[in-house]
Amino acid sequence: MEKRVFEVWKGSNKFILGGRLIFGPDARSLIVTLLLIIVPIIIFCVFVARHLRLEFKPDNVGYVILVMAIIFTIYVLVLLSLTSARDPGIIPRNSHPPEEVFRYDSSVSVEDGGRQTPSLNFPRTKEVIVNGIPVRVKYCDTCMLYRPPRCSHCSICNNCVERFDHHCPWVGQCIGLRNYRYFFMFVSSSTLLCIYVFSMSALYIKVLMDDYQGTVWKAMKESPASVILMVYSFISLWFVGGLTGFHLYLIGTNQTTYENFRYRADNRINVYDLGCFDNFLEVFCTKIKPSKNNFRAFVQDEVQQKPTLPSTQETDVEDSGGDPRSKVEDDLDIGEDLLKISQRRNIEEIDGDICSRGSNGPPHNISEMDSVLSSDHRAPTIRSDTRHSSWGRRSGSWEIAPEVLANSTVTESRTYSTSKEPHQ
């Protein structure tokens, strides 16, 4: 049975409704946020707005106060869902490192008897041009890609997010390129909602003072719910109001929270600053890019074509400016032919050849015999299709297949046993 992308997702996200909604791993904290919004509004509607509706009954102003509170709350909840239940700008991770940036360096290995062996290496950073200024981007080992400018890897969601701002535990989601607008609107709207609840609760206290012609303390005793709502709204206003002001500053200077905290002491030039007005237009008036992930798509069985390390001969050809592909193909064909010849050679024919040369020829024939036999047992080591690259290691070393080692050992033992007979 084919699986969908969200079912095999390697990040720490949580999906509901068949991958239609995506949350962070701390999505349960979203329940606390919902309670902090809904519960005070219910208290406000029952104990404050309902009584104000009776106080301003001739002009129907009381109904407007109640309806405004409900509509404003629904608007805030919609912004919260758009912030926490959508893709914040996750960059799909690669199945293997990018092939176009590989560097094949030849280094002398002492263990291999001084032979040059190719090693896999690629730069950890590279530079891209942003507004005419070079910006250094880093390589992500987890996602196996070079992060675009302003992109960072969230350790909580385990994803690389475009224009990463921060991971907000109150909404249970990363704040990035595709949901930063809704996040700011949610925070600023929550600030206005706190001001609205505080103002209407204070208005109801004033109405009670006028009705009973008493002091503020008597009015507060008549409506303790109004006092609780005023205290709660005042405290919440410090948090969401301060956050709104901080993000207004970030938008005006075209910064992210991550950039502001990390590079504050570096005194770097902000290459993304377009001016205050254009910065606000970029955040609120540009079209939001579509998601790069289709979480409901079926997973395709991809054949991962991993880049192969070049042999020493191929490296030499590249240095000389020749055609590496034809050179490697010729070397592989020669290796195959030598292997087939060595495997078809009968050991009895070799014994007969050794005996005839050992009895008739001078002693220097022994060296010829050794060269023949040595070519026999060296042949399997030329075969390239039995080599397996140690992909995933940083050393980039090669491993010889077990069947080749076994074949080479048997040939070498037979050669040693037959070479002793002429000497005897």
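Glycine is no exception: its Cβ is also placed from the backbone N, Cα and C atoms.
Here is what TrEMBL records for this protein:
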type	residues	note
TRANSMEM	30-49	transmembrane segment
TRANSMEM	61-83	transmembrane segment
DOMAIN	138-262	domain 'Palmitoyltransferase DHHC'
TRANSMEM	182-205	transmembrane segment
TRANSMEM	225-252	transmembrane segment
REGION	304-333	region 'Disordered'
COMPBIAS	305-314	compositional bias 'Polar residues'
REGION	352-400	region 'Disordered'
COMPBIAS	375-388	compositional bias 'Basic and acidic residues'
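Mean pLDDT of the predicted structure over the domain 'Palmitoyltransferase DHHC' (138-262): 93. For the domain 'Palmitoyltransferase DHHC' (138-262), the DSSP-based tally of helix, strand and coil residues reads 76 helix, 17 strand, 32 coil. A Cβ distance under 8 Å defines the sequence-distant neighbours of the transmembrane segment (30-49), meaning residues of its chain 6+ beyond its ends; these are 23, 62, 65-66, 69-70, 73, 76-77, 80, 84, 170-172, 190, 193, 197, 200-201, 204, 223, 225-226, 228-229, 232-233, 236.
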